[in-house]
Amino acid sequence: MQVPQDGEDLAGQPWYHGLLSRQKAEALLQQNGDFLVRASGSRGGNPVISCRWRGSALHFEVFRVALRPRPGRPTALFQLEDEQFPSIPALVHSYMTGRRPLSQATGAVVSRPVTWQGPLRRSFSEDTLMDGPARIEPLRARKWSNSQPADLAHMGRSREDPAGMEASTMPISALPRTSSDPVLLKAPAPLGTVADSLRASDGQLQAKAPTKPPRTPSFELPDASERPPTYCELVPRVPSVQGTSPSQSCPEPEAPWWEAEEDEEEENRCFTRPQAEISFCPHDAPSCLLGPQNRPLEPQVLHTLRGLFLEHHPGSTALHLLLVDCQATGLLGVTRDQRGNMGVSSGLELLTLPHGHHLRLELLERHQTLALAGALAVLGCSGPLEERAAALRGLVELALALRPGAAGDLPGLAAVMGALLMPQVSRLEHTWRQLRRSHTEAALAFEQELKPLMRALDEGAGPCDPGEVALPHVAPMVRLLEGEEVAGPLDESCERLLRTLHGARHMVRDAPKFRKVAAQRLRGFRPNPELREALTTGFVRRLLWGSRGAGAPRAERFEKFQRVLGVLSQRLEPDR
């Protein structure tokens, strides 16, 4: 395949399908490795790579980075994750021939292009219409009518020219005008353009007379305030989704909220007093697994959850947990109104401030609730010993998938390790012995890697650099700011206190880096709605204590459930 150095012949590529809806694209993808490139109507015409990988259809938006116009270099670069390319064909060629994954999160590899078999020009009526006024079809040349005169700008240009199709960069003298169109702006045309236009018109004599031109203008220039500037710096621009009515909105958008870039802060934004109650965890969200009223530990729901977790490998579950933790912490998906209400740009900064008290309590409850649910996954196995050992192995593998260098979700890792180190679980000698006998690698990883790592994180000495970590360990700092005393001898507790405060300061400083790393981890990831809900704080709270008990005081709820876990542990392995 010829690799062009610019994006002018994208429409000529066999794998480019023009404007194509998500559903029709998925219908064309039959086998693993099949892929095509399409223009997404819901993403403002931006190119999207659709592929099938491991039985699932995945969609990756190609981001455009505008460059300052200079002779001899492209006007834009295109990228999926980190590496940038001068054109979309060059990007596709690199990923296809090199067998490189489109994203590290999914590992999807494209190998077989799905060729477009239809005519070159496709109309909007064939696929999904864009929301809003009619627009020029992206990345396809406009089909000019017979009544429009030939021009060098159109005769010499190939059938696809993104730069030429934009009104902001198209010369006004090159715009076609019928006899009834009003003159928008008179500008002297270069001599070469006039001469070439005269030569081009010699070959444009039609056999029949052209149709009568319309009485209304065929093309209108937008106001100067609406046109984007032709001068631009090297700034990634992610177009925003056009607003749609509720009846037209799609339940699964092309670009989820965790992939959208944060809005730029206004320079002269007026100061607003931060609100005392900031929450990123919706408490009244509708549930697809629980009814409006439910009792604690419903057997049918527990059976459904068991099958749900068995269907997903630990790496996928870790990404689901990272997504929910980033939302609960306020690292991703924070709106401009929320930033204005809390006075800072992310929840990591809010945790260190006095008015972050409510968020700190929410994260403490989330940590303890997930730890109790993990312990229940082991203690609720009333079958043979091997079943409980398999549950332990599943938690250990999930912890390994959450550790730094993998998903990098340290709050999720702390919750899973809290379940494994809970006294009601750690006392099960026969179960742990069976784990060492049947799943030796998991047992060694728990003893030699996970336990020392968790000890270092709790003492403020573990890894916390962005890149290795997507979401830092906030529990020690949250407990400290909520007034909990640091355990241990006085000299050791003072050193631990200083390390915790030092780590909190670095966490706030590196909050934008953590946000970028988390977004890269989740780019291209499409979660299972049920598994994602099963990892939210509100769902786990209702699962453990029921719809009525979920509103009881936190200390009372945890004390009662600890006793329930103690009874289950004694039933499995009574004291000698």
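Any Cβ shown, glycine's included, is placed from N, Cα and C.
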Region 'Disordered' according to Swiss-Prot, located in which of 204-227, 228-251:
204-227
Run through Ser125, Ser158, Ser173, Ser279 and tell me the one Swiss-Prot describes as phosphoserine.
Ser125
Can you tell which of Ser180, Ser197, Ser547 Swiss-Prot marks as phosphoserine?
Ser180
Phosphoserine per Swiss-Prot (candidates: Ser42, Ser103, Ser147):
Ser147
